[in-house]
Amino acid sequence: MRRNKTTYSLLQTILVACLLTVTPTFASNKPTTDESGTISHTICDGEAAELSCPAGKVISIVLGNYGRFSVAVCLPDNDIVPSNINCQNHKTKSILEKKCNGDSMCYFTVDKKTFTEDPCPNTPKYLEVKYNCVVPATTTTTTTTTSTTTTDSSLIVDEEEEAQKDALNSDVIKPVKKKEDVFCSATNRRGVNWQNTKSGTTSSAPCPEGSSGKQLWACTEEGQWLTEFPNSAGCESNWISSRNSVLSGVISSEDVSGLPEFLRNLGSETRRPMVGGDLPKVLHLLEKTVNVIAEESWAYQHLPLSNKGAVEVMNYMLRNQEIWGSWDVTKRKEFASRFILAAEKAMVASAKGMMTSAESNVIVQPAITVEISHKIKMSSQPTDYILFPSAALWNGQNVDNVNIPRDAILKINKDETQVFFSSFDNLGAQMTPSDVTVAIAGTDQTEVRKRRVVSRIVGASLIENGKERRVENLTQPVRITFYHKESSVRHLSNPTCVWWNHHELKWKPSGCKLSYHNKTMTSCDCTHLTHFAVLMDVRGHDLNEIDQTLLTLLTYVGCIISIICLLLTFFAYLIFSRNGGDRVFIHENLCLSLAIAEITFLAGITRTEDSLQCGIIAVALMYMFLSALTWMLLEGYHIHRMLTEVFPSDPRRFTYLLVGYIPPAIITLVAYLYNSDGFGTPDHCWLSTQNNFIWFFAGPACFIFCANSLVLVKTLCTVYQHTSGGYLPCRHDVDSGRSIRNWVKGSLALASLLGVTWIFGLFWVEDSRSIVMAYVFTISNSLQGLFIFLFHVVFAEKMRKDVGHWMYRRGCGGSSNSSPNHKRHNVQRDLMSPGVNSSTGSDFLYNTNDKYLTNSDTTNRLVYNGIMNHPNQMSVYQQHPHHQIYEQQPGTYDYATIAYGDMMPGHRVAAPPAYQRLAVAEGRYGSQHQLYQGWHHRPPPEFSPPPPPLSTGPPNSRHYGTGSSGRRPPSSKMSDDSAYSDGSSSMLTTEVTPQGQTVLRIDLNKPSMYCQDL
């Protein structure tokens, strides 16, 4: 029994192999009509289906099968046996009925997305469809039985019977909820208005001005137009018929100068906007002209002019992508193959008119390069290979070229052989290769790989006496070198050298092998001459529908949250921090730029219907995002300036305003002048990634990120020096935890503000198929406004103080720092007040965990609150062991500080301990002991204070205590921005004791600058 099963399996395998051998594999066939008028059509997976009926009739689907039922239909490679040849999507017919019934024409793509599910994954599939063309008013009854038309294997499914079984097995009949209708939005293309179109239907409209006929546009089930442009294959420009008549007249009259003139006029017409129906018509005119050039002797006189005109027309046709998009894949391959043959035939014919052996004919256009060489004398060739085209010999740029071996030329004629070379750009997109099915290593399964043409189409052939000679089976291979852009091979793998089969309209790898490949060049060795290209597999996978939906949802929700937070931040600064200085001004502009950019993004990123409007939106997005990035750079620069400049400078708002908005405008203008078509893509109103155009935005973004990273590192170093690099008496371990927390919080805020999230966007530019980068960039970038709001409003102590002061001034509550036993006096701030423009003032005061008892004894703690009576200074200094007795200046009060040591000359002694400044209760509390929070100064910066100005007044005599010597006169007012000054303070003066120690003296007539914001 086991032997019988083995024998059966072996026979089955042999039978399948025989079927593959004797049964030709065919692709999509042309529609056929049987005796009853039913139209049958088979379309391979991935190709466009076109169902149509004559005028006055509509489609009525009879049969629909999507799957695989045969080993001989739509199989890209005969060497691969499908793992499943008996699979079908049972929803095919019902889907086709909803999509096509009642329409005169129906367009859709045959793939699993159209039919909602894949009946047999990793297996090439195809669609079999049968339909009738009926009068719209006629009610027709169609069979519900679907079957295949092949004899290899058939599958019969009765959909009505299956539905009845489902109804019988169901205990409860659930109400069917009608799906809400989805429409493709109305738009205007080339002056033609397209109305809102129901999903799953096809809309028709008149052809653009200057053409006649009818154009169609299919709306997908998702409510999106199927293609970028309407299908204008049914349109024809009005000048086509007149040009056809002119050509017929030239040929009949044998007008020698008429052919170049006709081609020149035809080139002028093809420069204008065209419609899809013009493509085969113009191709027919070209082929008709080329036949005359190649076969009629009277046309030889102006061959160079005629060939130049023909190549110019081909160039314009190849560069017009819109007219190619109106045709399905098979038609595009056919038209592309005919263009190649027409160019070759015209140039080969010109070889007859070349009078001397040294003459050559070269025509170069942006999309086409063709050349006929002079007659090659092998006896004078020193090498085994001859390089073509001639531009590859003298042009310093990288030019696609062909190295033809001596062996190939000797096979023809060693002294009379000519070489034809051709190179076509933009043509590979129309000659797309079929998906290849390969076996998965180590398993019995197969997978389908998508491939893409990544090179130009390069051709070479040998000519003898004006006729092309076939060359194959060479012992020395032909070496073809392709140069391509690095961006064109990104995310691609597995390069394959192939040649074009004009009969089968497909790429073939036989006879060619890969010699060398890198990011910019590929070299192939082939044993024959024809037209060659390089194919590569698409690596990775596109975002599926779930990922796309989730990313879209995250983007919209995140952007809405970000916009709200940015506007809240903007108004918080505008209301509560009006006198905040340049930093607040930068924050306001940053928030405003980002908010406008994200509002524009939400409102216009998908408005691709109108190309002009889409381009304007892309320009606005680029400018606003560049402006936001520039303000981020200015923020980093300003923070660094605040921490490094000794003296506060004048406000720079006007300078910041120019830098924040003018350079982004210049970059955007240069990008627009370089390539205005780069603004707006078929999918989004953003910058195109073609030809590296996206780097007009990504380049400045990279620069700003790198610059801000340097600023961040430098700023953190400066902050670290201020917090832990001061003098030993000024450092307090009890405050190290708070200092570190503030340092980390500030670093995170700065890192967020300086655009760290944009690095994920740059990674995504490099790997656009990375789902991880897509999610990370979408979430982090869309929530950037939330980060700014949290770090600069919610968690910002300065903002909380500003809000408290704002409420206190309006009588909404006490100051944020007030208490029943501790009242402080508000001091009117000016431009030099703490927290405004100071770089070293009150920002360097911080509270401690030290607690002190206060009483009437001021010897141990020298305090000041602006209203207290001061003790006799002589008695104070007599009791303090670290101070000598001397007479003070009128109206001043000694304030102890650290010794500067070497900064002032004199004898160095131990400095007194650092003094804490304490708040004092009102007089009514008497001498009750109160416990208050202590405060320390930040350590002074590590630089010498500036020298005092020369005194202009008469010197005051000083009477120091006994035993003093080497006394110095007191210095004048300290620098307004020195280590212990807060910008506008005039209270403090310095005094040098007889021992060389420096103390600060407080002028009691000045306002109490250090009693605020503690």
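Each residue, glycine too, has its Cβ placed from N, Cα and C.
Of the given residue ranges 267-312, 359-404, 405-450, 497-542, Swiss-Prot assigns the label region 'GPS' to 497-542. Noted from Swiss-Prot: of Asn473, Asn837, the annotation N-linked glycosylation site belongs to Asn473. Judged by Swiss-Prot topology annotation, Leu492 lies on the same membrane side as Thr689. Between the transmembrane segment (693-713) and the transmembrane segment (556-576) there are fewer than 3 Cβ pairs closer than 8 Å, counting only residues 6 or more apart in sequence, so the two stretches are not in contact. Looking at the domain 'GAIN-B' (359-542) alone, the prediction's average pLDDT is 84.
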